[in-house]
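Note sheet for the following structure.
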């Protein structure tokens, strides 16, 4: 069998649908008549409207509609019906010039068509043009009255076919352009080419395509290659760089990263357009790979590390830092979502006595801080896992912890609140005032909460504040001492400040009202929201001296979790009654009650697009935070959810022996993160680069507590 390629590559290729023949029995005149009739307006003016035009008045829409009704019977016949009788157009109101005109088709010479063999059906207007031909008065059957508007055409209402016959003297046959084309037999190659081209314009667009395909089937390989190059060259229109920059930007903003990468490879002009704009920064935000403008600016402003770790060493083109940043973040995200990817893993045994519970965990790029129920606070290096500091001082288990900058706050079962210098590990302040376990806390930073009557920004609080909630039913508001970011010990001994001291410079207010333990607190600006075992949520306004402005009663059992959306003045509460309530904090109105969980809703988190809840019924649910719509129910755990965190792209949740990753947008399970956990998952936190979890694992038949660091951000140039 010969491997020689065919001389005519398309000869035996079947025509695809878009250029296969369609309705081959249709008359050529049908398509031509359809185009001719489309030129005639259906909206004709009656005599009263002509008078209005002459007088400069407006034509009423109902008058136009009346005129349309008058001619509807004249246009009811289909094109196919007309073509079977004659070439006369349907009788209707015609606009004619005086003296009367007729229609004559004209055709351009052959030179007009040499470069337009593939013109669309609209090209019929160029080939079959209607020219007025004015006969002399002796050829007119009647004396046509001349309009009193010499520059205006006169309207002649023709009778309906059912009303009266057409006088033979008025009959004017519309010439057939096909007959005119075929009147002369072509005698040369050029004449035949022109005839075929002109006749092809009487085909539908699809049949024109079929004709071209049939002709190409008889074209040899060399000619097809040449034609292909010519067509390809002329299709390469540089539309992108010819648009105004604003339009180009809007086009680019609609494209995904794959399309943008491909555009940049087309040519140098497009590469400059794609990489010279801010499109990659906007794409980082749109794809939720980075949402903080400050974080984006910080990485772009210091590109050396980004280039050395993530740039292709073999690339010769000029680097676009924002594009490289996008590539980095996308690569890391894809690693997260790839079930087969194994991140860099560091396991750290928690330095404690026995099998202790990690009650709280917080981390950043430099450090991991954990609170343990054996009185210790441990500080580890995020990159290496090395133990940096052990903070000792509490006399009971640490159950609440939060830091900002170099200032760490902790609350414990010893009923005290302690302030620490993270770098030195020194306790700088001890706050006494609660009479039972400090169970929750939050930090308020000075923020803009509105404008005053003069248009000036209202900043509240004026200094950072600390809010602590306790099993003693109360909340205490403290002025938070900010520790300088330094490794040096200032030599000042740790000071204790008791609430009983009237000169206590740190205690600002004691918020009294709950009748049982305060289990959760959320604060922002001037508002504090607290949830209690007394089944109520209370809203406190610090600008009103800490007054309780709302008591939100709607749950029928203990409240375990609250979150505050200050911007929209909404708060959310999760309860042992298995429901989630959405409240308006200004009015106290219960907006929605979210049902679906089967037991205690112990954990809630809020982000821009999602409210996520986790319950003792082994499930998580993702909700619309405004409407309460349940987007998805995440099932897969076999025990109560003990911890979770989410962002705009994913959720990580922990329970007994399981740490799972979910796609929050799809509501789908992605993978189990740790396969060797034999006990509980106490805590889990993650950022874009890594996941940090406190877990139990069996070592030598003994359960030990470990901190697991899973790093997905290993640079390719460092591997």
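Cβ coordinates come from backbone N, Cα and C, glycine included.
Marked as domain 'F-box' by TrEMBL: 237-283.
The region 'Disordered' annotation in TrEMBL covers 131-171.
Under the heading repeat 'WD', TrEMBL lists 391-430 (among others). DSSP assignment over the repeat 'WD' (391-430) gives 0 helix, 25 strand, 15 coil.
The annotation repeat 'WD' is assigned in TrEMBL to 511-542 (among others). Within its own chain, the repeat 'WD' (511-542) is flanked in space by residues 436, 439-444, 447, 449, 460-461, 465, 467-477, 548-553, 555-564, 566, 571, 573, 575, 577, 581, 583, 585, 588, which lie at least six positions past its ends and keep a Cβ under 8 Å from the stretch.
A Cβ distance under 8 Å defines the sequence-distant neighbours of the repeat 'WD' (552-593), meaning residues of its chain 6+ beyond its ends; these are 449, 516, 519-525, 527, 529-533, 535-539, 599-606, 611, 613, 615, 617, 623, 625-628. The repeat 'WD' annotation in TrEMBL covers 552-593 (among others).
Residues 291, 560-563, 565, 568, 570, 572-576, 578-582, 639-641, 643-648, 651, 653, 655, 662, 664, 666-667 of the same chain lie 6 or more positions beyond the ends of the repeat 'WD' (594-633) yet place their CB under 8 Å from a CB of it. The annotation repeat 'WD' is assigned in TrEMBL to 594-633 (among others).
Across the repeat 'WD' (511-542), DSSP helix (H, G, I), strand (E, B) and coil residues number 1 helix, 20 strand, 11 coil.
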